[in-house]
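Enquirer: Starting off with a structure, shown below.
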């Protein structure tokens, strides 16, 4: 057998879906994230006679995103890939369908970046693997929030629970997902900018807190690997970001108490918020927890959306 | 089958060996430790007609330890167990044979505490399991260094690589040990008091350093579980304690460079020092690394002892 570059035949059009993600996962600030089944973003790409990548249509953004390629993360990620491959003269039209809100804490810009780069890679015959697309998706997301990290992009691309040893070295591992692990995610209708949520964090933390967080992160990994729900539950604590960021989310502690009272293994903020999430053993518990948390926000006069999902194991895919 | 307390017949005399341990393991400050085959401490216990626990002999301590039960960790740990069982009136004689130096960073006081409580538990018919002895051994060690933590006591008792999610809640897990993982340990002849090594640590650390350490600790656990020596190697970095504590160890960075140049997966300080350790793939590499590190200390006029060992999987045992 001869060794050759496995470039597949190019399809005429590709439509993909990239899922929302929960980053940080309580004890894994900047190093952990997982994907859920929905919501997510869709991107459609097709060949064009006109050279270069162009964005021809954007829906679901309330007119907030410019149609320039540099104006949104899907375009930036795809362009970065094309540059890497020396293919910027390829004629490609891109449509972006935002199906999740901005600033929700569910990795909206990451999902767009992943969808954009994955769709274009498919359209040009899939020269790179999913894992090889990671740095381009990260560049796309970084164009929106300024930070180069993989805790949303990683799971949206690869699926599952992704652990990032180092964002700088792009050293990541997919953790095993216990079969019966479900996420209950609730997004209250307020917007928190990642920038603000980052600025609220201290530059220094007590060594004791770091040790606690290190213990819990290790505990969560052990719990996931050994399918030990007790260990998972005891590990879902965030002593670094949550105590500060909860101030940005009305009724956070009431929602947390309600989630735990209804059987959640643990509860915290999804990414930079305002979405909150609970991990649960079993779908029924996750439904009950999502409903209870939703009720807390509703009672406080806050509109909200619930999402109950197993951990999404596949990440971005063609639809 | 009826349920009953499984108390075995009491032997006349018990002689046990508890191994030395490497705590912290670079990225696992206060949450990780492993046992090596030697050195270690021996304790002998036997029944006596005179009520109460008494220490009748101590060797290898250069006369530093008092013979009162409260004067050393083996006595304190054993007494704490006897109190818990309501058996303080049992007549027991204890001999302690210190076979490792104090203040070496190899868990000397932990090994004595583990040996003491394990021996007495055996002598009185083994009412408790190894795991159940952990809190008593921790009390013993705490009597020497004031801190209640399991990163030396845990592996000396149980063997293997022990991860401690929480010292307060005593929530621990044994991590899998890759078959070919060896430790090269070198003890230079200087003494560092744990108290001094603790005081040199900052009370606060940059959030960025905490995130790096969390990433590396998670990476090390993933690497151990997946037997991924590359991931293990990339994870053995300590950005919290090592940069401060290396000042207490002459030629630390020279020794580190020499260890890495000779093929070590990683190199750092064992516990509070002054012992240093390297993790290596294979015994031959570990031997080479130990010799190279030893040479650095010798060249600097520092006497030192080398120990090359696989990870000790059994912990304390009867000899």
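Backbone N, Cα and C atoms are what each Cβ position is placed from, and that goes for glycine too.
Copying in the features that TrEMBL gives for the protein in this structure:
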{"type": "BINDING", "residues": "A:101, A:102, A:103, A:104, A:105, A:106, A:107, A:108, A:109, A:110, A:111", "note": "ATP binding site"}
{"type": "DOMAIN", "residues": "A:76-160", "note": "domain 'GHMP kinase N-terminal'"}
{"type": "DOMAIN", "residues": "A:224-297", "note": "domain 'GHMP kinase C-terminal'"}
Enquirer: For a three-state summary based on DSSP, what are the helix, strand and coil counts in the domain 'GHMP kinase N-terminal' (A:76-160)?
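Expert: The domain 'GHMP kinase N-terminal' (A:76-160) comes out at 47 helix, 6 strand, 32 coil.
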Enquirer: How does the model score the domain 'GHMP kinase C-terminal' (A:224-297) in terms of mean pLDDT?
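Expert: Residues in the domain 'GHMP kinase C-terminal' (A:224-297) carry a mean pLDDT of 97 in this prediction.
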Enquirer: What are the other residues, in sequence order, whose C-beta lies within 8 angstroms of the center of the C-beta atoms of A:101, A:102, A:103, A:104, A:105, A:106, A:107, A:108, A:109, A:110, A:111 at the ATP site?
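Expert: Neighbours within 8 Å of the Cβ centroid, excluding A:101, A:102, A:103, A:104, A:105, A:106, A:107, A:108, A:109, A:110, A:111: A:20, A:100, A:152, A:271.
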Enquirer: Which number gives the other C-beta atoms within 10 angstroms of the C-beta of residue A:111 (ATP binding site), all protein chains shown included?
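Expert: I get 33 for this one.
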Enquirer: Just to confirm: which same-chain residues, 6+ apart in sequence, have a Cβ under 8 Å from the Cβ of residue A:101 (ATP binding site)?
Expert: A:108, A:187, A:191
Enquirer: So what sits near residue A:109 (ATP binding site) in its own chain, CB-to-CB under 8 Å and at least six residues off in sequence?
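Expert: The list for residue A:109 (ATP binding site) reads A:72, A:73, A:102, A:140, A:141, A:144, A:145, A:152, given in order along the sequence.
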Enquirer: Which of these binding-site residues has the least crowded Cβ, counting other Cβ atoms within 10 Å: A:103, A:105, A:107?
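Expert: Each of the binding-site residues A:103, A:105, A:107 was scored; lowest Cβ tally within 10 Å is A:103.
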